[in-house]
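**Q** Sequence annotations record features per position, and here TrEMBL assigns domain 'GAIN-B' to 122-277. Summarising the annotation, TrEMBL assigns domain 'G-protein coupled receptors family 2 profile 2' to 283-537. Summarising the annotation, TrEMBL assigns region 'Disordered' to 542-561. For 1-37, the entry in TrEMBL reads signal peptide. The transmembrane segment annotation in TrEMBL covers 283-308, 320-340, 360-381, 393-411, 442-467, 488-509, 515-538.
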Amino acid sequence: MRLRPVMGGSLSQPTPPDLGVILLLFLLLLQLDPMKAMEDQTQTQETANNFCSEETLRPSPYAASQCFLSCNRSTPKCKPEVIERFWIKKEEELANETSSVRFLDESTVKATVHEVLVNSSQDLFFSTSPFQVPAVLNENETEVPNKVHLPRSLFERLRPKMNSVRVILMVINIGEGELFKGSATGQKFSSSVMDNHMIGIRVGTEPIKDLDEPVEITFSHKQQHQNLQCVFWDISQGIAGDWKSTGCSTELRTNQTVCRCDHLTFFALLLNPVLDATTVKTLIQISLVGCGTSLCFLLFTIIFYFVLRFTRERFKSEDAPKIHVALCISLVLLNFTFIINLEHTPPKQRAPCRAQGGIFHYFLLCCFTWMGIEAFHLYLLAIKIFNIYISHYFLKLNLVAWGLPFLVVLITGSTSSYGHYAIKDGDNHTTLQLCWIENTTALYITVHGYFIVIFLFGGVVLSLVAWKIFHLRGSKAGKEQNQTWKGVITVLGLSCLVGGTWGLVLLTPIGLTTIYAFTLLNSLQGVFIFTWFAILFYPSLSGESSSSTAKSNPSHSASRE
């Protein structure tokens, strides 16, 4: 794309320092008279109220730029829509051929104006760094992190009407106040604009829409755990604008998001928090109901086991039922402490909160360990299948299951990692506070890493068992074709024992649906275990069905205490 150089200097004024802000900072740093600081701050707010009006903004881009810093919740007389309209009109003025302004370099607004020959056969690229005036990129410079790509087809549609056209690129820092928020971002616990930056694109004086080839805006950012959405500022519904996504698509890349839109206007990348206040409240209610239900069924499972132990002789020597019940006991303790943690406000004192967080962490690791032991025992029975004797087998399993988590919690506590843990939304508002692990490194190692090791081991064992079940049924195709569903139920039942429902946590970054699925299914793990336990060991089962079940779901151990 060939650019016609345009002569002319900048009409933008140099940005002088904000003396009120500098003075206030010095007063705070030197710890001088706080009343004097409050007086200076009040004077600054009153000044903002005076110059953030439509009359004072009209002749001065500098004044409008300063209003981005001053127009916030502390200046109620400032009208955000006035400043928003000012910059939209300013973009239109820059596109007018009578304007001699070629760039703006204010503290909050960077803009550049280029005149482009429409008969060129090349695409046009601009860099859009938040701290620099947008610049044209040549073919060897297009791999910049933040850029705008204007396709040549956009200019071809203008060829019958003109020989050249003005292209305006504007980068605006909308700040932390009320500007360019709209209904999507103006509410508490809601969306926010990525890095508080928006990109304005204009070609010519007339609006351009319904492009055959979309314009591309690339935003670079760190890895986000929120939903990203490409949006544009829509003023068609009235004086107050709003963010809309019509005509725009979002492509997520590693540390980048590409927005493709079929029109030109002001664009931004919207952060939609996955866990806003309403979602967190709903998830807590689901968790409480599910955990309460699981507690009841887990207690039924434990009672059921002891009833069978005193009525059926083989239960006294079998290890599989003991392991199932030990897992149930650890889940009972975990659910009980989890409900207490959610239902009660965390203690303000650090010591009780650290103790509460450590106890919850301990029972969580105990559950993970017993799930790993379930997978290990299943491996001995279904994969290794040789007659293995391990002296004091169940006693050793208990030492590992209850002792290893204690060691991990002891080390974690010695590093002062427990304390008040807050879950925040995209606007940095606290949606939930718990006594948990404050140290991020300790959290990833002792919870995420610990679980992933257990889950992967259980997944490998379960896959081998599933292959064995269906492979054996496949070799008897003529005899047991109608038994396939039993194999599916077997695998699902075993997955509950080895932590299959917990594995859904790995899918939660996909979106809100998987978060709800994880919360619901995981909180009902006790119900699934009770159902599985009843199917396996209900006394009224015939000897033949018990034998058949044992073959596909080995519950007998070759090792004894």
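For all residues, glycine too, the Cβ spot is worked out from N, Cα and C.
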**Q** Find the average pLDDT over the domain 'GAIN-B' (122-277) in the predicted model and report it.
**A** 81
**Q** Any residues 6+ beyond the ends of the transmembrane segment (360-381) with a Cβ under 8 Å from its own?
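**A** Residues packing against the transmembrane segment (360-381) from afar: 319-320, 323-324, 326-327, 330-331, 333-334, 337-338, 341, 388, 397, 400-402, 404-406, 408-409, 412, 418, 435-437, 446-447, 450-451, 453-454, 457-458, 461-462, 464-465, 494, 497-499, 502, 554-559.
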**Q** Tally Cβ pairs under 8 Å between the transmembrane segment (442-467) and each listed stretch (283-308, 320-340, 488-509, 515-538), then give the stretch with the top tally.
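**A** When the Cβ pairs under 8 Å are tallied, 488-509 comes out ahead.
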**Q** May I ask which of the stretches 320-340, 393-411, 488-509, 515-538 has the most CB pairs under 8 A with the transmembrane segment (283-308)?
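**A** Result: 515-538.
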**Q** Report, as numbers and ranges, which residues of the same chain sit near the transmembrane segment (320-340): CB under 8 Å and 6 or more residues beyond its ends.
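**A** Distant contacts of the transmembrane segment (320-340): 287-288, 291-292, 294-295, 298-299, 301-302, 305, 308-309, 356, 359-360, 363-364, 366-367, 369-371, 373-374, 377, 381, 394, 397-398, 401, 497, 525-526, 529, 533, 537, 554-557.
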